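Below you'll find the structure, written out as structure tokens, and then a few comments.
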Amino acid sequence: MSRKSPQDPGAGTAEDALRPLFDAFDNDGNGTLSYGELTDRMRLVGILDDDPRITGLLSSTGDRRTELGFEEFVALVRETSGLLRRVVRDDLAVPDFAALAADVDGLHEELCAERGGAVADYIPQLAEVDPELFAIGVCSVDGQRHLVGDAHEPFCVQSVSKTVNYCLALDENGLWGTHEHVGWEPSGRSFNELALNPQGRPHNPMINAGAIMSASLIRPESSAADRFGHVAETWQRLAAGRRVGFSNSTYLSERDTADRNFALAYSMREQEAFPEGTDLQRTLEFYFQCCSIELDADMLAIVAASFANGGVCPLTGERVFSVDTVQHCLSLMTSCGMYDYSGEFAFSIGLPAKSGVSGALMIVIPQVMGICVWSPRLDEHGNCVRGVEFCRRFAQRYNVHPHDGSEVQSGKRDLGRRKDHTLVESALALCWAAGQGDLNEIRRLVASGADPDAADYDGRTPLHLAAGEGRVDVVKYLLNRGVRVAPRDRWEGTPLSDAQRSGHQETVDVLRAAGHPAEAVTTASSARGRSRASSRTRVATGTRKAAKRPTGTAVAG
Ligand code: GLN
């Protein structure tokens with residue numbers, strides 16, 4: 001294979017690399033693309049119109065019938081090209097999303113007939129909720145979403161808040177600093193049982209006593225307003241920036257009827273389980289407020305997907321919790337998330353899940369997707385009846401149980417492929433996105449662990465690609481992430497020489513300001529006479545070939 005110099009701006013361009021994308025979306029092959037063609041294709045794989053990754057693109061394309069030529073397409077898709085590319089390459093977490101959506105719709109319809117259980121009434125405000133409300137939301141770790149039923153009706157998270165509060169307690173106090181105050185064994189008792197473990201600590205953070213303890217560990221020195229704001233903002237980040245609500249009436253109603261939770265708190269104080277100086281009244285009020293945070297099924301599915309995605313929100317690429325924090329939380333959700341039904345749920349379904357007395361149920365399929373089922377009628381354990389039944393039927397159709405020997409289990413379907421991309425694939429995807437200027441895709445890849453400083457088999461780094469295309473924002477982002485300022489590719493080219501050659505003065509200035517040595521320019525300019533094809537073409541078309549090369553030689557630090 002002949003080696004091409006990356007230095008010639010006159011050959012293939014980053015725009016050329018978008019041609020296959022355009023063609024793939026141009027269903028009728030007429031050389032133009034309508035807003036409708038674009039959104040229909042995206043919707044088919046679960047990328048909905050309100051997805052923050054494409055809202056900019058869609059609002060600029062305007063009316064459903066607006067036709068885009070290739071030039072207009074190129075001008076519009078920069079920040080979305082990585083996602084579009086994964087759509088056309090069929091490289092999303094749930095490949096057959098349409099089949100999954102149809103199954104979810106079918107299960108919703110079947111379960112509407114299920115009217116067992118009763119709405120929680122020990123918190124008076126909850127007793128007033130319409131028992132017929134029923135929603136299911138799913139969101140994959142690539143942000144493919146499907147919603148059915150009352151998916152935009154708000155509900156209180158109640159005990160589902162125990163997951164987020166536990167994660168916040170871990171982030172602030174560390175594993176041992178947290179578990180000095182709370183255990184990790186299932187209690188085998190109901191969620192508000194007056195019982196502590198033999199050390200006088202709550203059994204785990206997924207029941208009331210443990211969640212009151214988590215609340216006491218979150219910013220205890222701050223004002224009530226700051227503590228609540230911190231928790232609400234965390235939910236918001238997990239839910240792709242959507243604003244969370246708060247049901248003041250539920251909060252007041254619970255606070256006024258909270259003898260059991262007060263009793264739990266006093267018994268923990270008697271055992272000196274709380275951190276020194278804990279104010280019980282303030283802690284309990286904070287705990288009740290967290291339970292009264294409102295989301296809808298769409299948002300809770302996105303939150304569940306953020307947990308499935310190791311703490312990174314799939315729609316924004318933002319890391320909210322560390323991988324370790326999420327792993328700890330999912331472990332406890334698996335063993336303790338369904339109260340005194342946790343053992344049977346772990347046995348038959350095997351997935352981390354957390355229920356709340358509002359009828360909310362959050363289910364996580366690690367590395368694949370998150371699910372929310374919301375239906376207010378509860379069984380005797382306090383779990384949503386339709387939610388538990390949904391899980392049972394879902395696990396009969398898909399091999400989601402972690403101990404399901406799928407090869408021998410005939411008749412069960414594979415839900416998705418696990419997102420365990422190799423270092424080579426993520427390095428090449430980063431280079432591609434850098435050349436296109438798709439900062440969203442770059443943030444997503446970096447948040448999922450891709451090294452922004454890794455080079456392809458020609459020694460080309462994302463910084464080379466971004467600099468050569470004059471993607472100033474990307475160059476600044478990469479420099480802020482601490483990548484090497486002047487890496488050399490196999491032709492001795494540096495980002496600065498690439499930027500200079502293509503006449504991107506602003507990029508040159510940014511690189512110089514970041515300390516790029518001037519001598520590199522001279523060295524790189526000697527590459528001019530080499531063979532004449534652009535790196536932009538090479539990187540775009542070379543990804544598959546490169547991925548096949550042996551790992552050790554393809555990616556350098
Ligand atoms: N706020 C509720 C309580 O403390 C939460 C319980 C639950 O959802 N299981 O009683």
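A Cβ is built for glycine as well, from the same backbone N, Cα and C atoms used for every other residue.
Worth saying up front: this structure is predicted, and the values here are computed from it rather than measured.
Sequence annotations record features per position, and here TrEMBL assigns substrate binding site to S159, N208, E254, N261, Y287, Y339, V357. For Y339 (substrate binding site), the count of additional Cβ atoms within 10 Å of its Cβ stands at 27 [all protein chains shown].
Residues annotated as domain 'EF-hand' in TrEMBL: 13-48. With DSSP classes pooled into helix, strand and coil, the tally for the domain 'EF-hand' (13-48) is 20 helix, 2 strand, 14 coil.
According to TrEMBL, the feature region 'Disordered' maps to 518-557.
Per-residue pLDDT, averaged across the repeat 'ANK' (458-490), gives 93. Per TrEMBL, the feature repeat 'ANK' maps to 458-490.
Fewest other C-beta atoms within 10 angstroms, among the binding-site residues S159, N261, are seen around N261. Residues S159, N208, taken from the binding-site residues S159, N208, Y287, Y339, are distinguished by a CB atom under 6 angstroms from ligand 1. Take the CB of V357 (substrate binding site) and look out to 10 A: across all protein chains shown you find 25 other CB atoms.
Secondary structure from DSSP puts N208 (substrate binding site) in a helix. Largest Cα-to-Cα span within the substrate-binding set S159, N208, E254, N261, Y287, Y339, V357: 20 Å.
Taking all protein chains in view, 26 other C-beta atoms sit within 10 angstroms of the C-beta of Y287 (substrate binding site).
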